[in-house]
Structures are given as structure tokens and as C-alpha cells.
């Protein structure tokens with residue numbers, strides 16, 4: 001064991017630059033060897049809050065912006081968690097000429113479990129990466145970014161998160177949360193759907209009208225709650241923000257996905273009937289019948305949904321990146337599944 005006590009002021013560049021005690025230590029109790037985890041050197045700058053803006057990473061002593069390169073909301077969610085922000089809401093490309101030194105982060109490396117700084121390489125680009133995380137709401141332990149146990153940041157000063165009791169939360173409140181996270185309408189609202197929790201509970205009842213853009217914009221009750229029965233922490237599933245437009249029915253047409261509050265066309269990129277079946281199920285439109293490519297002239301960027309990502313079980317919204325393509329995706333589903341009601345004779 002190290003025999004002297006470190007006495008750093010916190011500003012030194014190296015541990016051995018710190019002063020140390022003159023007296024020595026001869027023993028150290030079992031289980032008292034120091035273990036340390038440092039956060040990733042990442043930040044979001046130029047946004048409305050510390051949870052939104054251009055992504056920058058400190059590498060080799062330099063803060064540099066990150067180049068936009070095949071990032072998805074699923075990758076963004078890792079950064080949001082690292083910053084102790086809420087759920088990932090959006091990822092977009094911004095163009096900032098002239099070309100300048102940036103860091104390129106290989107998203108496949110990052111998603112495979114490596115630390116962000118282990119996936120960095122130098123580059124030059126005008127295409128930067130702007131991210132938005134919610135700063136006060138998140139869904140945890142869910143199957144996608146649009147599902148999970150609801151947690152709210154209870155105090156912006158101490159950055160703590162609290163679960164919400166089912167009795168203090170209703171359908172209108174759920175509509176606001178799904179909208180704030182960029183998801184579709186709420187489809188399931190149920191206590192303990194995504195596991196029990198020992199975290200602190202939110203102490204007041206939310207009273208949303210359903211039109212608010214953020215949960216903390218809603219009114220809340222004046223009285224406080226001190227207890228919540230086991231199994232009553234709110235679990236929420238929001239639907240995917242997808243639709244088919246321009247077809248003969250709501251189950252056929254050009255695929256669009258809502259991103260950053262705006263409906264955008266999806267580009268045709270190696271989609272199969274197996275991938276299309278995920279969208280048809282999400283729309284309650286039966287099975288996939290056809291997938292075809294159609295050319296469309298537009299100067300606006302479109303969204304690309306990686307089919308291998310969707311087929312691996314990820315939600316459609318988690319697999320989105322930007323693209324510039326004139327090839328858009330038209331889908332046809334068989335139609336809404338018939339529902340039979342059986343009655344006894």
C-alpha cells in the first residue's frame with residue numbers, strides 16, 4: 001500500500017505533483033483500497049440547456065466538436081446517460097463551414113460497449129453533431145427509447161431522479177411525456193410494468209391538460225404524497241411516431257417518421273418485407289405485403305432507418321440517421337387485423 005496521505009488542491013495536472021503528508025501509514029483495512037470511476041469528457045454546447053447542443057469531446061487535452069457520422073438516437077442515449085440528462089430526444093446534422101478539425105467517433109465501436117474516448121479519431125469536416133436530451137424526464141429499463149419506468153428530475157440543483165406514483169399520473173400526463181420525448185401517443189400506462197424501484201418518489205400529483213410541451217410545465221397539486229404502494233411506480237409505453245401517407249388507406253403509402261417535431265420521409269435502403277412487418281405491426285395494419293422504391297425530387301434531407309437495426313429488435317425510432325436521397329420508401333400492409341369476439345352459445 002502507498003504509505004503517505006495525498007494532499008492535492010485539485011488543480012494539479014498529475015497526482016505526484018500534489019503535496020503529501022510527512023507521516024506514514026503502515027496498515028490499511030481490508031476492502032479499503034481506492035476504486036475510482038471517471039466520467040466521460042463530453043459536453044453539449046450552444047444549446048438552450050446543458051442537455052442540448054453541439055457534442056464536444058475532450059481528447060488529448062483538446063475540446064473539439066464531433067463529426068456527424070451515422071449516429072442514431074440509440075447512440076445518443078449513451079451520451080445523455082453519461083451527462084445525467086434524460087432520454088435521447090433528437091440527433092441532427094448541422095453544417096458549419098469552413099472545414100475545421102473535429103473528432104470522429106465510430107458509433108459501432110461506441111454501441112459495442114467501449115468507452116466513448118476509446119472510439120475517437122481525428123478528422124476534418126463541416127458536418128457537426130447536434131444532440132438533444134430531455135433535461136427533466138426519462139424512461140428507464142424499457143425495451144426502447146419510448147418505453148420504460150418514468151423518472152423525473154426532482155431538484156435541478158442536486159440532479160436527483162424520482163419515480164412517479166401511479167395515483168399521481170393519468171393519460172393526459174402520459175401524452176405530455178410522450179410528446180416531450182419525441183415519441184408517438186401513449187399506448188400502455190401501468191404500474192410496475194418495467195420493474196420495481198427503491199429510488200425516491202415524486203411527491204406531488206401532476207395535473208396536465210395534455211397540450212403542454214414538457215411535464216414540468218404542467219400544474220401540480222398543492223398537497224404532497226409521502227408513500228406509494230409497492231408495484232405502483234408508473235411504467236409507460238409510447239407508440240412509434242410513424243405513419244404511411246398518400247396511399248389508398250392508412251395502411252399503405254410513403255413511410256414517414258416524426259423527428260424533432262417534423263414529419264420526414266424515409267429513404268429506401270435495403271428494406272425487406274421482414275423489416276416492413278415491424279412497421280405494419282406498429283400501425284396495427286396486419287402483415288407486410290410489399291416494399292418498393294420510389295424516386296422523389298426534394299432538396300430536403302430524409303431519414304434513413306437501418307433495417308438490420310430494426311430486425312435486431314430495436315425500435316424504429318432508435319435506428320434513424322440522416323440521409324440525402326431521392327429514393328423514398330413505399331409500404332403496403334395487409335390492413336387492420338380483424339378482431340373476433342367469441343360468445344358462449
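Glycine too: its Cβ is placed from the backbone N, Cα and C atoms.
Curation plays no part in TrEMBL annotations; they are all automatic predictions.
Quick look at what TrEMBL lists:
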DOMAIN    1-39  domain 'SRCR'
DISULFID  8-18  disulfide bond
DOMAIN    42-119  domain 'SRCR'
DISULFID  109-119  disulfide bond
DOMAIN    137-239  domain 'SRCR'
DISULFID  208-218  disulfide bond
DOMAIN    242-345  domain 'SRCR'
DISULFID  309-319  disulfide bond
Sparsest Cβ surroundings (other CB atoms within 10 Å) among the disulfide-bonded residues 8, 218, 309, 319: 8
Intrachain residues whose Cβ lies under 8 Å of the domain 'SRCR' (1-39), provided they are six or more past its termini: 82
Rounded Cα-Cα span from residue 109 (disulfide bond) to residue 319 (disulfide bond), Å: 16
PLDDT averaged over every residue in the domain 'SRCR' (42-119): 87
Cα distance (Å, whole number) from residue 309 (disulfide bond) to residue 218 (disulfide bond): 36
Minimum Cα separation from residue 119 (disulfide bond), reported as the residue among disulfide-bonded residues 8, 208, 309 that achieves it: 309
Surrounding CB atoms that lie within 10 Å of the CB of residue 208 (disulfide bond), all protein chains: 21
